[in-house]
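Colleague: Annotation comment: TrEMBL describes 15-435 as domain 'Enolpyruvate transferase'. Per TrEMBL, the feature phosphoenolpyruvate binding site maps to LYS29, ASN30. Per TrEMBL, the feature UDP-N-acetyl-alpha-D-glucosamine binding site maps to ARG103, ASP318, VAL340. Taken from TrEMBL, the feature active site, proton donor applies to CYS127. TrEMBL lists CYS127 with the feature 2-(S-cysteinyl)pyruvic acid O-phosphothioketal.
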Amino acid sequence: MAKVNPENDLLHVVGGRPLHGTIQVRGAKNFVSKAMVAALLASDVSVLKNVPEIRDVQVVSDLLRLHGVGVDVKPREGTVTIDAKHVELADVADVDTLSGSSRIPILFSGPLLHRLGEAFIPALGGCRIGSRPIDFHLETLRKLGAKVDKEHEAGIHITAPDGLHGAKIHLPYPSVGATEQTLLAAVLAKGKTELSGAATEPEIMDLVAVLQKMGAQISVDVDRTIRIEGVESLNGYTHTSLPDRIEAASWASAALATHGDIMVKGAQQPDMMTYLNVFRKIGGEFDVRDDGIRFWHPGGDLKPVAIETDVHPGFMTDWQQPLVVALTQAKGLSIVHETVYENRFGFTQPLIKMGATIQLYRECLGSLPCRFQQQNFEHSAVIFGPTPLTGRDIDVPDLRGGFSHLIAALTASGPSTVRGISLIDRGYEDFRDKLAALDAQID
Ligand code: EPU
């Protein structure tokens, strides 16, 4: 993937015409990067297939290479071959060059502790959609026997001179990252680990599948408890990533917002059921086929909905932003209660400037008890529609918000300039080519 030239980091969009055509989604961003980290657990070669060409894959590849690991990425074939026979400590200054680029580096902790007895984790990046602390990660590592030194100015130094051992861990909230942290650290720890309050997203289950292929002993109970029996060693794996259900839903919302018709090849129904229910409630139509799902706006008015984001199997927080753009075109009042991140509605401000009627509230506008109740976070949104949108200049704030702005620009009448679009490359493979294939007027 080419380096970004700031002058080219924008897209001119002339909206107001339906997106129609066929596009392909490949492996899930939020799984592929973790499976690449898992390869570090084996002194062996692993092969991951259905890998998309996105920036997060580049960041994890770079970080693996800095630790002496061989990484061969074949973007067109969609394969990554990782040879982790040799692992060495990376130079802190080199690792630091990757600081702020992703949240994945923290997941290197467990595998590096097993392979080298120590790890250095640079300051983390990722989308600015809340404070996104890593307290659960560090607590988990400490419980498994690691010593965490936060005094280092460039990042966190973690050691485990006596190795990691099994432990009982409870997550106060079913964090995706902290669940993955526990899995990656406990599979080679001595003894048994019991993780209660775990997240069970399909991407996590695919990581469990990879670890099982590698030789790990992991069971998942119905009550969000994951039990891991540490084993002596793991071998490399060959695995095909599950598809990216966030990208698939983003294109589906784009079809709805623009009165379009998009066949998303590679999309799979089982992991998208909650989204599909909402899509149908709003008035969108879909057809599940062997090779993907076709999504379209059947004409007539879209209907408003009330939704709450939640951990799996709830409505994903990452589905929320593109859908909000479609809801600006539904007839009546829609309510979205965001319960995963406290600050994920910043992207609505440009939508309001484009003509949307959206009011944010600090109150929980939903039935679920939410961690942000009685706090000062605008985490509920009321959207009144339909409102015509008009094009304007927009700065991309984060990955999902940025894609939503693109959809808004494509829905709006007149021209828009969307700046900072390289942020979208973090998670949407070839989105410019896909937009062109869908007959979008972009430049
Ligand atoms: N949390 C803590 N302490 C922690 C960890 C998390 O308080 O130590 C809180 C977070 O602040 C947040 C909540 O727990 O309020 C959930 O965070 P989680 O750990 O589940 O999120 P994550 O692992 O950092 C992954 C995805 C996100 C996705 C969330 C939820 C990756 C790389 N990122 O983040 O994806 O929104 O799970 O499903 O897998 C995206 O793709 O755009 C994206 C942000």
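Here the Cβ of each residue, glycine as well, is placed from N, Cα and C on the backbone.
Note that the structure is a prediction, hence the values are computed from the model and not measured.
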Colleague: How far is it from ASN30 (phosphoenolpyruvate binding site) to ASP318 (UDP-N-acetyl-alpha-D-glucosamine binding site), counting Cα to Cα, in Å?
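Modeller: Cα-Cα distance, ASN30 (phosphoenolpyruvate binding site) to ASP318 (UDP-N-acetyl-alpha-D-glucosamine binding site): 11 Å.
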Colleague: Measuring Cα to Cα, how many angstrom lie between VAL340 (UDP-N-acetyl-alpha-D-glucosamine binding site) and LYS29 (phosphoenolpyruvate binding site)?
Modeller: 19
Colleague: So for ASN30 (phosphoenolpyruvate binding site), how many other CB atoms are inside 10 Å of its CB?
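Modeller: A count of 25.
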Colleague: What is the separation, in Å, between the Cα atoms of ARG103 (UDP-N-acetyl-alpha-D-glucosamine binding site) and LYS29 (phosphoenolpyruvate binding site)?
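Modeller: Distance between the two Cα atoms comes out at 12 Å.
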Colleague: Just name the most isolated of the binding-site residues LYS29, ARG103, ASP318, VAL340, going by other Cβ atoms within 10 Å of its Cβ.
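Modeller: Ranked by other Cβ atoms within 10 Å, the binding-site residues LYS29, ARG103, ASP318, VAL340 bottom out at ARG103.
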Colleague: Write down the Cα-Cα distance for ASP318 (UDP-N-acetyl-alpha-D-glucosamine binding site) and LYS29 (phosphoenolpyruvate binding site), rounded and given in Å.
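Modeller: So the alpha carbons of LYS29 (phosphoenolpyruvate binding site) and ASP318 (UDP-N-acetyl-alpha-D-glucosamine binding site) sit roughly 12 Å from each other.
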Colleague: Mind looking up the mean pLDDT for the domain 'Enolpyruvate transferase' (15-435) in the predicted model?
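Modeller: Mean per-residue confidence for the domain 'Enolpyruvate transferase' (15-435): 95 out of 100.
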